[in-house]
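S.K.: Structure provided below as structure tokens; questions to follow.
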Amino acid sequence: MSKVTNSTQAPFYFILTGIPGFEASHIWISIPFCCLYTISIMGNTTILTVIRKEPSLHQPMYLFLSMLALTDLGLTLTTLPTVMQLLWFNADEIGFEACFVQLFFIHTFSFMESSVLLAMSFDRYVATCRPLHYASTLTGEVIGKIGLAIICRCVLAVLPCLFLLKRLPFCRSHLLSHSYCLHQDMIRLVCADIRVNSWYGFALVLLIIVMDPLLIVLSYTLILKSILGTASWTERFRALNNCLSHVLAVLVLYVPMVGVSMTHRFAKHASPLVHVIMANIYLLAPPVMNPIIYSVKTKQIRQGIICLLSQRDMCLR
């Protein structure tokens, strides 16, 4: 089988896959996808607008929430072009360079989602266990450094994957399994030794996908220990309620992530439709659900949205 790299003279492209077995119904399937993307874009944009316009929301918790909304918005806008052009126009080709650019942004924003949730768990830990030191610990400068560290961490984690993959030759069989470019999907098409790529990918999984949830669990273990040590049930309920939105956001990210991993590990021979659905849930669930969760569970955000929609100068309480 002939090999192709980005240095090949002939144009090289990958072929995207829509919903297996339902190609004739893509135009109808595009309707729920379009609704989900619209909810994600409008929801996260609204969260960002509310936080930016209301000075009382310029606090650590809401600044981290704005980082989460930016990450969700980036993830949505990264997958939207190829998914919708495939469903609307059956445009299933994507160029070599374009595929690598999309791969970079999808994995970067995915890792950023996990990193921001980890930073938010630290915020909840300080607010619950060290309330007197909250303002002095999470200053604007510290939050800015955390945000910069998240960006550097995720970009530097993904770039080696990109360079390691790009130097390898690809086979002529360049059919991808999804309607966007993923590293684990593209690596299957390589006609060369991929042991270095595999080991680096494994190290990356341990560093981010495994370590982040463990640190989040550790922070909530300490939070629960602190809450159970408080005197009244009212204080316990209030503290737990303040953490509930973040807990739901964590579940929305990691439950589909575990589901995708389990599907790849134990359901390799399952229908391609199962893998496509799980992958779409993993990439769409957090950007769609996070704005809904924080709008419903956070009073200040809810009131800010009402103010924004009603165009009244109401004060958040």
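For all residues, glycine too, the Cβ spot is worked out from N, Cα and C.
Here the structure is a predicted model, which means the values were calculated and not measured.
These came from TrEMBL, pasted as-is:
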type: TRANSMEM; residues: 27-51; note: transmembrane segment
type: DOMAIN; residues: 43-294; note: domain 'G-protein coupled receptors family 1 profile'
type: TRANSMEM; residues: 63-88; note: transmembrane segment
type: TRANSMEM; residues: 100-122; note: transmembrane segment
type: TRANSMEM; residues: 142-165; note: transmembrane segment
type: TRANSMEM; residues: 199-223; note: transmembrane segment
type: TRANSMEM; residues: 244-267; note: transmembrane segment
type: TRANSMEM; residues: 273-293; note: transmembrane segment
S.K.: Taking a Cβ cut-off under 8 Å, which residues six or more beyond the ends of the transmembrane segment (199-223) line up next to it in the same chain?
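M.R.: Residues packing against the transmembrane segment (199-223) from afar: 111, 114-115, 117-118, 121-122, 124-125, 128-129, 157, 160-161, 164, 183-184, 187, 239, 243, 247, 250, 254, 257.
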S.K.: What else in the chain is close to the transmembrane segment (273-293), if you only count residues 6 or more beyond its ends and a Cβ gap under 8 Å?
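M.R.: Tertiary neighbours of the transmembrane segment (273-293) are 17, 19-22, 36, 39-40, 43-44, 46-47, 68-69, 72-73, 75-76, 79, 106, 110, 113, 177-178, 180, 182, 245, 248-249, 252-253, 256-257, 259-260, 263-264, 267.
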S.K.: By a Cβ-Cβ criterion of under 8 Å, what residues six or more beyond either terminus of the transmembrane segment (63-88) are in contact with it?
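M.R.: Answer is 16, 18, 26-27, 29-30, 33-34, 37, 40-41, 44-45, 47-48, 51-52, 94, 102, 105-106, 109-110, 112-113, 116-117, 119-120, 123, 140, 143, 147, 150, 179-181, 249, 283-284, 286-287, 290-291, 294, 301.
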S.K.: Do any residues, 6 or more residues outside the transmembrane segment (100-122), come within under 8 Å Cβ-to-Cβ of it, and if so which ones?
M.R.: 61, 64-65, 67-68, 71-72, 74-75, 78-79, 82, 94, 146, 150-151, 153-155, 157-159, 161-162, 165-166, 180-183, 186, 208-209, 212-213, 215-216, 219-220, 246, 249-250, 253, 283, 286
